[in-house]
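If you check TrEMBL, you get these features:
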type: BINDING; residues: B:His83, B:Asp94, B:His190; note: Zn(2+) 1 binding site
type: BINDING; residues: B:Asp94, B:Glu129, B:His382; note: Zn(2+) 2 binding site
type: DOMAIN; residues: B:211-312; note: domain 'Peptidase M20 dimerisation'
2 protein chains.
Amino acid sequence: MTQSLRVNKQRLMGFLNTLGTFGALEGGGVCRLALSAADKQARDWVVSQMQALGLTIRIDQIGNVIGIYKGQEDVPPVMMGSHIDTVATGGLYDGCFGVMAGLEVISTLKDSGITPKRPVAVAFFTDEEGARFAPDMFGSLVFQGGLSLEEALAIKDVDGFTVGEELDKIGYKGNAPVGCFEVDTFLEAHIEQGPVLDKEGIKIGVVESVQGISWTEFTIEGVSNHAGTTPMSMRHDAGLVAAKINVFAREVAHKIGGSQVATVGYISCKPNLINVVPNHVVMTVDLRNTDNDVLKQAETLLFDYAENTAKEEGVKISRRKLARFDPVYFHKEIVDLVEQEAEAAGLNSKRMPSGAGHDAQILKEMCPTAMIFVPCKDGLSHNVKEFTEPDDLEAGANILLSVILKRANRP
Amino acid sequence: MTQSLRVNKQRLMGFLNTLGTFGALEGGGVCRLALSAADKQARDWVVSQMQALGLTIRIDQIGNVIGIYKGQEDVPPVMMGSHIDTVATGGLYDGCFGVMAGLEVISTLKDSGITPKRPVAVAFFTDEEGARFAPDMFGSLVFQGGLSLEEALAIKDVDGFTVGEELDKIGYKGNAPVGCFEVDTFLEAHIEQGPVLDKEGIKIGVVESVQGISWTEFTIEGVSNHAGTTPMSMRHDAGLVAAKINVFAREVAHKIGGSQVATVGYISCKPNLINVVPNHVVMTVDLRNTDNDVLKQAETLLFDYAENTAKEEGVKISRRKLARFDPVYFHKEIVDLVEQEAEAAGLNSKRMPSGAGHDAQILKEMCPTAMIFVPCKDGLSHNVKEFTEPDDLEAGANILLSVILKRANRP
């Protein structure tokens, strides 16, 4: 019977569209920064839906909310979840899909009168985006025990408000302790936030890993000179060195190939005048790879090139590590199961890494974990134009449903 | 007797140092923006020195001031001059040297009881720098007839004050008409504002020309995508295209060689986030050459490369001409005379272009004109650390003196 069980697309879309009304922007999109008034409204509404489903609700000291659907046995639940906070120019799907698909999966179980062997839970974690409070994903991190509650509560936003104050203000500093809740399995359904599935016409992304991330900031100090009176041979152009590093970063990505990506997203140039040779440039390079050894190789290539190019141009260069995360590999058994269920449902799928960070990479430290990606039009995310076809959302939620049932009912 | 006539170094340095007290910055350097209170003090003091020398003073409707030392004949004067306004972080020498050297030359003539055949004049022109009112050099431009008085008087600074109001306020809207004063010869002594003479140990720069200038602004529109989730093959990176154009501009300068210079001084990048592929970059390219055909060739190379690179990366590019001045060539006879007088004085010299703009390039439309450059430590100018050795200033003023005497006494 469970083989033919299917989610209700219309109800799923209703969940997503209703959630999208909290913090809705004129003309489309959503601004629902973590712990804002809009976040409170959204949280209240999700909790009301959990209550309507008769779930046991657990709100912990950092504001993570879990709704638990009873199983036949009183054991740790198989859990679905993601986040409902957004960036300032967010869409309806990033994070929200994973939570609403979870609600829909439980609604389907309830409608069908199914009580699985293990409890099934749906969770949303506080501040995945990091758009208001840094670092991102601190909700799941505190839940998992990777960050202390005290540190997290003391984090301030740009206006100086702390997470603790804001949790109190919206009434979501719960009583449930952090760092001690056991989870049997975790599944996060999410839009890809990249263009691969959309461009290749694939319905299900079987997420094997999260790319390792290396963020480096280079500061380049040259000499500011008059653009007209300084012969080329006498220049020490910080801007030129930055440009060469940018071009080289692209070459590194091509040379290494595979999952390797390289991005120069930030540059600031001083004095930034049309007729003055730049003397001070700060730039960033974002390198990512699913293989940590290859990522290290990319870093070495880049750092050596930067040193040598600076020497050639006679400028000083220094670098600062802004972030460095090793790649994360999800649980092979769960990843395989996602692939099998997609095949069983007649949906084409692709094993792929996630290029972005997700709560699942934190939960992965606690229990067998994997992710399910659905396509995302033109790869647009963190964008008011973020869009996924309802049929694709439905397909992803159905795979979530069947994987969760398999895990919940396994011997 | 005129062969052995020499300026008084101590007096010249006194002139320069006194002028440098008006608008002096703490710790060194000068801020004397055009038509400011500091500019008024400096103007009043220069005029008082002209009066002390018994010069006939002519203040025109745009605030240019000329002091005329009588000759034996009532004919157009041979004239020296430059400007006394500075940029916000200026030094003691840029512009001021040409005016103070002129005062010193006339002081020397007077001390020696010499009355040359033609009158000898020294002038300072309003707002050469353009640091407060754009365009730069409008004082000499109105003097020469290249810009109407009405247009110039209506120019506003960032606070909305017009040139006309500010001239009235400081008492320098004179009565002498513009566009009709005849000049026999014009000589502008100036610090090089570049490193060539200093680095090569040369005392006198024989300025043959002013480089042609081409300023282009490129606007590059790509697609903003997630740095982690967007495969390299699916990117449209505006920042990468900008970087490639920067690197190519340097290659063009090397390939063309000679006086060709190329500078990318300005770049702005959006959204300018470490983990987002840039979708909007504005950048400038400053190309200069003394040969207009070669300058056009450099432009063509650059523009073609920019178009092709944008096409390869799948981004839109547009360009806007911000400035385009043809090269200016000074009067061969006067240029040769400067070189001869340097040789006669036992000073090494070098024929060179000016990479920066100067009032002389405007005056050149009215009469035989040339410039004399003196070294400038490390090429620093528009900088509070601007410095020229007193001996080098003296040498330059002596060449100015002998050239002016030759021109004033020629048959």
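Glycine too: its Cβ is placed from the backbone N, Cα and C atoms.
Given the structure is predicted, the values throughout are model-derived calculations rather than measurements.
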Mean pLDDT for the domain 'Peptidase M20 dimerisation' (B:211-312), as a whole number? 96
Neighbours of the Zn(2+) 1 site B:His83, B:Asp94, B:His190: Cβ within 8 Å of the Cβ centroid, same chain, sequence order. B:Ser82, B:Tyr93, B:Gly95, B:Cys96, B:Phe97, B:Gly98, B:Glu128, B:Glu188, B:Ile191, B:His358
At a 10 Å cut-off from the C-beta of B:His83 (Zn(2+) 1 binding site), count the other C-beta atoms across all protein chains. 27
Other than B:Asp94, B:Glu129, B:His382, which residues of the same chain sit close to Zn(2+) 2? List them in sequence order, counting a residue when its Cβ is within 8 Å of the Cβ centroid of the site. B:Thr86, B:Val87, B:Gly90, B:Gly91, B:Gly95, B:Glu128, B:Ala131, B:Gln193, B:Ser381
Identify, in sequence order, the binding-site residues in B:His83, B:Asp94, B:His190, B:His382 that approach chain A with a C-beta to C-beta distance under 8 Å; the answer is 'none' if none do. B:His382
Which of the three DSSP-derived classes (helix, strand, coil) applies to B:His83 (Zn(2+) 1 binding site)? coil
For B:His190 (Zn(2+) 1 binding site), what is the tally of other C-beta atoms lying within 10 angstroms of its C-beta? 28
So how many of the residues in the domain 'Peptidase M20 dimerisation' (B:211-312) end up helix, strand or coil by DSSP? 43 helix, 29 strand, 30 coil
Listed binding-site residues among B:His83, B:Asp94, B:His190 whose Cα sits within 10 Å of B:His382 (Zn(2+) 2 binding site): B:Asp94
B:His190 (Zn(2+) 1 binding site) in three-state DSSP notation: strand
Tell me which residues of the chain lie with their Cβ under 8 angstroms from that of B:Asp94 (Zn(2+) 1 binding site), as long as they are six or more apart in sequence? B:Thr86, B:Val87, B:His190, B:Ile191, B:Gln193, B:Ser381, B:His382, B:Glu386
Around the Cβ of B:His382 (Zn(2+) 2 binding site), other Cβ atoms within 10 Å, all chains included, total 22
Between B:His83 (Zn(2+) 1 binding site) and B:Glu129 (Zn(2+) 2 binding site), the C-alpha gap once rounded to whole angstrom: 8
A correct count of other C-beta atoms within 10 Å of the C-beta of B:Glu129 (Zn(2+) 2 binding site) gives 20
